[in-house]
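Below is one structure, written out as structure tokens; comments come after it.
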Amino acid sequence: MNWLQLADEVIAGKVISDDEALAILNSDDDDILKLMDGAFAIRKHYYGKKVKLNMIMNAKSGYCPEDCGYCSQSSKSTAPIEKYPFITKEEILAGAKRAFENKIGTYCIVASGRGPTRKDVNVVSEAVEEIKAKYGLKVCACLGLLKEEQAQQLKEAGVDRYNHNLNTSERHHSYITTTHTYEDRVNTVEVVKKHGISPCSGAIIGMKETKMDVVEIARALHQLDADSIPVNFLHAIDGTKLEGTQDLNPRYCLKVLALFRYMNPSKEIRISGGREVNLGFLQPFGLYAANSIFVGDYLTTEGQEANSDYRMLEDLGFEIELTQKQEEAFCS
């Protein structure tokens, strides 16, 4: 297949077929540079060479009643993670200050659990109001299944984006978790959209799904019209249902990122959890398809040193996208 020609067609408005999507995932490793060249043409058309940086604040760790097979915070997990209740507003603000100083444009407040309590939403809302005033960061909240009134409160507080991943295809969902449904996840994204918050929803690759499952989740996110799509690659943690699972290699991970770009050409594609473990030395190539990364640690696993990420972006000739307040602070 001529990947540059397909890229031009995508830029012109074509939506790729299932056969074309599978061709991306099944493409020969020898053609991977041509595939990524096409993905970069699409990425460059919409985002140039800018990269959005994101940072996670793990606001509540562990104690989750859900049985998600990939997650060390699940009630079914025996992984020896640090567990703590919802942190204070002051701790959230301290994290936002670090994000601002490290040129992170999007600050992600993430909490374990099925869904937030009224107190949790109040703490986040109060913190967000101050974050917007002091630092001007884009704020993404990820607090689980969300109710209408909670979404409205977060919107009024200034939350820009809400993350709730679909994680996998509808067909494969029951293999990953049984304590909530695929429809529960879709409904939360729809609630977020209804209340004017930008929807962020993505996938976890490497959970014993088929290639067709990967195509289906990429298309589902296209149909859901998620503005931001985090693509995670399973970092199998001992003590979870999926411990020992290692179905990925760096070349396949690049093909997955390319698929998400061809399928969702204008969206923010973020290389997320498992980037360092699964992409390895091919990490830089991922940014020819994606235009966003997490900097620093993830929820219960360590990420690459921030300085290594900054050096990687510099070596690639890419530019960090700053907020207006960061432009004023660092570029004046």
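Along the chain as shown, the residues are counted starting at 1.
Each residue, glycine too, has its Cβ placed from N, Cα and C.
For 46-275, the entry in Swiss-Prot reads domain 'Radical SAM core'.
The [4Fe-4S] cluster binding site annotation in Swiss-Prot covers CYS64, CYS68, CYS71. Around the Cβ of CYS68 ([4Fe-4S] cluster binding site), 23 further Cβ atoms fall within 10 Å across all displayed protein chains.
Around the Cβ of CYS200 ([2Fe-2S] cluster binding site), the same chain contributes CYS140, CYS142, ARG161, TYR162, ASN163, HIS164, ALA226, ASP227, SER228, ILE229, PRO230, each under 8 angstroms and 6 or more positions distant in sequence. Under the heading [2Fe-2S] cluster binding site, Swiss-Prot lists CYS108, CYS140, CYS200, ARG270, citing sequence analysis as support.
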- Task: Quick one: among the binding-site residues CYS64, CYS108, ARG270, which has the most Cβ atoms sitting within 10 Å of its own Cβ?
- Result: ARG270
- Message: Can you name every residue in this chain, apart from CYS108, CYS140, CYS200, ARG270, with its Cβ inside 8 Å of the center of the Cβ atoms of the recorded [2Fe-2S] cluster site?
- Response: ASN54, THR106, CYS142, ARG161, ASN163, SER228, PRO230
- Task: Rank the binding-site residues CYS71, CYS140 by the number of other Cβ atoms within 10 Å of each Cβ, and give the residue at the low end.
- Result: CYS140
- Task: Select the closest residue to ARG270 ([2Fe-2S] cluster binding site) from the following binding-site residues, measuring between CA atoms: CYS64, CYS68, CYS71.
- Result: CYS71
- Query: Taking the domain 'Radical SAM core' (46-275) alone, what is its mean pLDDT?
  - Reply: 96
